[in-house]
Amino acid sequence: MKVRLKSKKKMKKPALNPERRKFLKEATRTAGGLAGVGILLGLQQNQSLAREGVPLRPPFALQDAKAFSAACIRCGQCVQACPYDMLHLASLLSPVEAGTPYFIARDKPCEMCPDIPCAKACPSGALDRQATDINESRMGLSVLLDHETCLNYQGLRCDVCYRVCPLIDKAITLETQHNPRSDKHALFIPTVHSDACTGCGKCEQACVLEEAAIKILPMDLAKGMLGKHYRLGWEEKAKAGHSLAPKDMISLPTRTPEGTTVIPEPAEPVLAPILGSGK
């Protein structure tokens, strides 16, 4: 005897509300985005803890950061041309714009190649291809930041930064000072001269301290710039061959060591002759 079972009708799933579907889709997308941001921030935090140093540009790079970033086409040819593997191509997590070349002096300084292959390989003008003298490059400026830990400031003869300088006695010299601790010895203080320092980074890389007391900083951080509105009187006098200010034109009170103040009489006004007046 055959028994025929009745088939159960399939239950239809209720249709998902379009608004609810849209909400779940947006929520999933937002959660994924936040997770990605968290990963990136974590990587950047780990990178910052690494304290890899100040990023510097290759020799003869355009000094203006915006101009360099605009001129660099991120081709990496300068990095490939460096025979010492000193240059790096920046990634998304690097301290400079992705795809641009940089180096960390504490890790690997510039070896000052006489033929400047990195600059010669640049096709865009971000690096000066016409440069011929590597000693004229200005990758940064050496600055002795920490006098409290520098061994020479403690009265010890370290002199390593001075000895490794490619332009010894020009870019870095040793200046003597009295040692107040012993009262009978001299301190030999490393002194950087900005007119000769190339910013190669050999001094920073060679510093014997765990954290270098001398560092290479970008020029805009290391050196103040005199505003265009300033005029140095002695320079203007040398250019003109005479003083540009009439004698006794400016009269300021004179304060004597005794504490008295002498106020000079006002000078006669000086009128410049009017051109074409014949006077």
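Backbone N, Cα and C atoms are what each Cβ position is placed from, and that goes for glycine too.
According to Swiss-Prot, C158, C161, C165 bind [4Fe-4S] cluster 3; the candidate from C122, C150 that the record adds to this site is C150. For C72 ([4Fe-4S] cluster 1 binding site), other Cβ atoms within 10 Å of its Cβ number 22. Comparing Cα positions, C122 ([4Fe-4S] cluster 2 binding site) lies closest to C72 out of the binding-site residues C72, C82, C203. Less than 8 angstroms from the CB of C200 ([4Fe-4S] cluster 4 binding site) sit A105, P109, C110, E111, M112, S137, M139, P166, I216, each of them six or more residues away in the same chain.
Candidate binding-site residues: C82, C118. Fewest other C-beta atoms within 10 angstroms, C82.
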